[in-house]
Amino acid sequence: MKDLLNLLKNQGQIEEFDAIKIALASPEMIRSWSFGEVKKPETINYRTFKPERDGLFCAKIFGPVKDYECLCGKYKRLKHRGVICEKCGVEVALAKVRRERMAHIELASPVAHIWFLKSLPSRIGLLLDMTLRDIERVLYFESYVVIDPGMTTLEKGQLLNDEQYFEALEEFGDDFDARMGAEAVRELLIQIDLEHEIGRLREEIPQTNSETKIKKLSKRLKLMEAFHGSGNLPEWMILTVLPVLPPDLRPLVPLDGGRFATSDLNDLYRRVINRNNRLKRLLDLSAPDIIVRNEKRMLQEAVDALLDNGRRGRAITGSNKRPLKSLADMIKGKQGRFRQNLLGKRVDYSGRSVITVGPTLRLHQCGLPKKMALELFKPFIFGKLEMRGMATTIKAAKKMVERELPEVWDVLAEVIREHPVLLNRAPTLHRLGIQAFEPVLIEGKAIQLHPLVCAAYNADFDGDQMAVHVPLTLEAQLEARALMMSTNNILSPANGEPIIVPSQDVVLGLYYMTREAINAKGEGRVFADLQEVDRVFRAGEASLHARVKVRINETIKDRDGSITKNTRIVDTTVGRALLFQIVPEGMSFDVVNQPMKKKAISKLINLCYRTVGLKDTVIFADQLMYTGFAYSTISGVSIGVNDFVIPDEKARIIDAATEEVKEIESQYASGLVTQGEKYNKVIDLWSKANDEVSKAMMANLSKEKVIDREGNEAEQDSFNSMYMMADSGARGSAAQIRQLAGMRGLMAKPDGSIIETPITANFREGLNVLQYFISTHGARKGLADTALKTANSGYLTRRLVDVAQDLVVTEIDCGTEQGLHMTPHIEGGDVVEPLGERVLGRVIARDVLKPGTDDVLVPAGTLIDEQWVDFIELNSIDEVIVRSPISCETRYGICAKCYGRDLARGHQVNIGEAVGVIAAQSIGEPGTQLTMRTFHIGGAASRTSAVDNVLVKNGGTIRLHNLKHVERADGALVAVSRSGELAVADDFGRERERYKLPYGAVISVKEGDKVDAGAVVAKWDPHTHPIVTEMKGVVTFVGMEENITIKRQTDELTGLTNIEVMDPKDRPAAGKDIRPAIKMVDANGKELLLPGTDVPAQYFLPANALVGVADGAEINVGDVIARIPQETSKTRDITGGLPRVADLFEARRPKEPSILAEISGTISFGKETKGKRRLVITPTDGSDPYEELIPKWRHLNVFEGEQVNKGEVISDGPSNPHDILRLLGVSALARYIVNEIQDVYRLQGVKINDKHIETILRQMLRKVEITESGDSSFIKGDQMELTQVLEENERLSAEDKFVAKYVRVLLGITKASLSTESFISAASFQETTRVLTEAAVTGKRDYLRGLKENVVVGRLIPAGTGLAYHSERKRKRDAEKPVRVSADEVEAALTEALNSSGN
């Protein structure tokens, strides 16, 4: 019996739960929560401050105001616990029960819940199949609705206004039932027979033809099934009982002066209670219908305002004219419950202060002001003082600390020893924004920060502040030390390169000490060892830059760990020999035998990490920093006005450009060039002039003349301070130097267009008033952009984190063979990213074979490290298939093999790593560096001139890819396809460069030809789009009638006449439907066919085409018969920077997307409609042709009779990612999105590993759309989680039933976040009301799989060290499953026990 009582006691406390369910509350449920009914609107007696009985703060209902004390004071203290006072009716208990005890209000008339009414789509409306307006008219007492038509001609659900209602009453008397208000709607909802309706809808859907109707029906069906499956009843959406929030959650606080500060909810509840009581009274008095009706409507409005103020009509405002904060407002938005209190909380044991530089610290240390340390570690100090017996009580210890006695400082030092603290700088954009350090006590009030971690924090010392947090528990200290210590975070999680890299003065110092100078003091000396170099340098006998010979001993550690020692004499400089002293053993001397620029230093640290490991790298980084500081001090590099050397050629270049501009102006004045052409030419001219000036300036700055030892004149790299700063990468760039000593160049107007007159002056010469004024545009725009950008970038990061937060590595290997095709990323002829770089840290999906043989070079399942990369380069492998997050088949989470290397650690990723969040941070963190437009250069405009040829950069063999071409009489090839590419391969067959060839390009080489570097292999006219013949024959004009479809134009300059096809808009009525074309016939006038088809050879001419041949002319293969001018002056505004990244991740459909071929086949054109062309693709296999209507103004890339492949571009424009996924599949989509996003980041010089983008993409591809439901319960057109469909299909195929068929769907990140399985995560992201409404109706369960959900319920997250806790919990639970008891079993056991004891 005793055990049973314990069991019952434990039933009340829910500690262990696996899921959270949200559902509609039935009236019984609400009453069961309640501790009594609130009957009066009174709150607190203003004189006694005691709660009024039966009011909103009633102590009888909600519990005592003071701990263990009833209201009248009869029972006090703990011994009366649980007694209910007979005088005031209050139970003696803790006062905090007032935070959990609820009450209720019995409503005199039912009221609709506004969320289920107004949150779109309206759930009540969908169930009743009525429009929202109709339902509102019923609820707010404007119309009657027929509930039971009886034997009359009325229909159920029909709306009647007052007149119609009274007419019907006269006609039918009491045979029918029509009412208004929420009661009527409730009655209709009660009458719904869900099972019957579901069956009816399931039958109706397959028989319907119209798409819209099917959509509507399946929406209803889904909702009905949701109600049916969740155990919610439809009538529960209408409230008959209203729950009242516990009073301590809506406090009322007396202020001095007899006023009260109160929560808005109290006002809203008061309003409801007042109206409810008034309505009860009116009903008792059986008042006239119209008055009762008005009161009911007011009650409905009061409840609406309480639940969601402002959702319908005007928001109810308080005394201060502000809208009152309703229950819905409490939970949504940045200040709501989810984001303010559940996902983010305030922390104790923290402090903040200004940071300052700590050049003497080691990498794992930070300087903590004594004052701060004393405050932060107080409890530890108290404990220690007591333990030592220095203080008898905590109070005494407190006094000692307050007096700051000397022994307190000793204790503090002891407490702090090896107790790491966390330093955080806001904004924390990635995980390196919080790192752990060992504190070093310092005087002063500023925190000292190690200079090398500034890059990770993005900190500088111009007044930045940082926060300090103390990890208290042993576990927290352990994690801080093992995972968050600054020494463990040398590599950036975004790209796997060192982030602990010297910058600014350290770089300058190292660069200065490793530069060489001709004829410096001590040149030509030979030294026996490094120590001798050191001595001679210290004695002042040799300059830092002197070229000398040194004998060095080096220990070289190979990749495989073998160590070789050797001694050799090297040509080097004194400075480099000194630098080699601090390089760790195992590194070759060659790494420092060069000027140490920023890139070289970064490479050096990276190499050091891969060769000798973490510990030595950390020590080395510190040494580099100390050395750099020392030598930049010695160097004395400063900047003075005479460092800005202006090139002598500047005046000449500018004069020449001005002359040419005058020439163009005069051409424009005499009407030879148009305004647009003039503008373009002038801007091109000035761009070129600017480049020339900056070239001359850099040539001038970067070299200087000196006399060498023999007395001859020699040239060496300049020691100009400004040049050294830029060249070393310490500060500044060529673009900035150009503005200081070259010319500022072209400027942009606020609307982004470029001003024709450039600023020819530079800052050294000074700007005149006009020039200064032009500059202000860019500067102001830069500042405005920066402010906007920060907010936008933060929002992008938030969306990314939200979509990827539940992606965690959950297993080692999912066993898939799928993967992505990797090739080197080639752009405009340059290898932007070699294959080795792209596959580094990835796992190979299928064996890599030696080119041309079956020998396996790299077996599948290999994790590619630096050694393998060299091997791949060596064997000139061109393509590899690698595992990718996108193709990973793990159900929940992702597997380690598909992810590959953990970039921040350099080995295969651990189970439990939260790769989704890392990906989101890596992409979001550089967001603030991306442009809206450029900022630092001050809006100086940049423009490139149009490309019109292919110039080969490396010699090699020509390869033509995907190129359809015809051969001209002179042997040149003419491209007649759009997607053709020309590549140059080296002797190993590795691709070195690749170029796109536009339609009509004339190619002067053939497949397999050898070319030398610098050869021009293809040419085209960038300003026109040609139409090329594919055969020899005679031209005949079809439908080309002068001034009806064509007009002849005479060129004023040359006197030649051109035939121009008129735009259909400008044609007379007779010519609207005529399609001008050029037909090819043979010498006898017989129609020629296109080669390989039975389509007659005729070329239709689009509007504005210029025809270049005469009727009846003989032409050859590859001749251009017409040209279509392309507008280049109005360059299409390409969205760049942050907005472009956001568009790609949101998977937005571009405005005028490129049109892709839906199937493979032959192109023809059908009958035209108004403003549209009908494009027909006839498949080669004889199945049904595909038709599409395309607007006339779209320029088509295909001609009648051309063969296209599925997914080929028919009309140019920005690509639509949804089309790519549908026609070309997931890996083509991945390639497109990864490349597009990388292009934006690459432009800013930001490196992000591809797999981060793929990780986000995996989350965007979670959903599938059902195309055939098979034997599953899915409905065609439903969007489901891929994992759900796969599980269902596995079950079906096990039972030998038909599986559901589906297609993958791409969702934007916002949509993907909102449609995740976890409603807690979705609700805390955006659109809280909508998410919760939907979740409640469907009775959703949240299985707490992601990180956010667990943070909200206050658990450890299922990632990292928390994963162990979760799997342990699961293991324990599985072990003790049978012990769990249901409530029914308890009841049965109880009755049995009672019966047996009764006997």
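Each residue, glycine too, has its Cβ placed from N, Cα and C.
Listed features, source Swiss-Prot:
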BINDING   Cys70, Cys72, Cys85, Cys88  Zn(2+) 1 binding site
BINDING   Asp460, Asp462, Asp464  Mg(2+) binding site
BINDING   Cys814, Cys888, Cys895, Cys898  Zn(2+) 2 binding site
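When the Cα of Cys898 (Zn(2+) 2 binding site) is compared against those of the binding-site residues Cys72, Cys85, Asp460, Asp462, Asp464, the shortest separation belongs to Asp460.
The two recorded residues, Cys895 (Zn(2+) 2 binding site) and Cys72 (Zn(2+) 1 binding site), have Cα atoms 65 Å apart. Between the binding-site residues Cys72, Cys814, Cys814 has the most other Cβ atoms inside 10 Å of its own Cβ, all protein chains included. You'll find the Cα of Asp462 (Mg(2+) binding site) roughly 46 Å from the Cα of Cys888 (Zn(2+) 2 binding site). The binding-site residues near Cys814 (Zn(2+) 2 binding site), taking a 10 angstroms Cα-Cα threshold over the set Cys70, Cys72, Cys85, Cys88, Asp460, Asp464, amount to none. When other Cβ atoms within 10 Å of the Cβ of Asp460 (Mg(2+) binding site) are tallied across all protein chains shown, the result is 11. Note on Cys898 (Zn(2+) 2 binding site): other Cβ atoms within 10 Å of its Cβ, all shown chains, come to 30. Taking Cα separation as the measure, Cys85 (Zn(2+) 1 binding site) is nearest to Asp464 of the binding-site residues Asp460, Asp464, Cys888. Within the same chain, residues at least six positions away from Asp464 (Mg(2+) binding site) with a Cβ under 8 Å of its Cβ are Val354, Ile355, Arg425. Cα to Cα, Cys70 (Zn(2+) 1 binding site) and Cys888 (Zn(2+) 2 binding site) are separated by 63 Å. Using the Cβ center of Cys70, Cys72, Cys85, Cys88 for Zn(2+) 1, the list of other same-chain residues with Cβ within 8 Å runs, in sequence order, Ala59, Leu71, Gly73, Lys74, Tyr75, Lys87, Gly89, Val90. Note: the Zn(2+) 2 site is recorded as Cys814, Cys888, Cys895, Cys898; in the same chain, Glu811, Asp813, Thr816, Arg883, Pro885, Ser887, Glu889, Thr890, Ile894, Ala896, Lys897, Tyr899 also have Cβ atoms within 8 Å of that site's Cβ centroid. Other than Asp460, Asp462, Asp464, the residues of this chain whose Cβ falls within 8 Å of the Cβ centroid of the Mg(2+) site are, in sequence order, Ile355, Ala459, Phe461, Gly463.
Long-range Cβ contacts of Cys888 (Zn(2+) 2 binding site) within its own chain (separation 6+, distance under 8 Å): Cys814, Thr816, Ile894, Cys895, Cys898, Tyr899, Arg1258. Cα-Cα distance from Cys88 (Zn(2+) 1 binding site) to Asp460 (Mg(2+) binding site): 65 Å (rounded to the nearest whole number). Here the binding-site residues are Cys70, Cys85, Cys88, Cys895, and the one with the most other Cβ atoms within 10 Å of its Cβ is Cys70. In the three-state DSSP assignment, the secondary structure recorded for Asp464 (Mg(2+) binding site) is coil. In three-state terms derived from DSSP, Cys898 (Zn(2+) 2 binding site) belongs to a helical segment. A Cα-Cα distance of 63 Å separates Asp460 (Mg(2+) binding site) from Cys72 (Zn(2+) 1 binding site).
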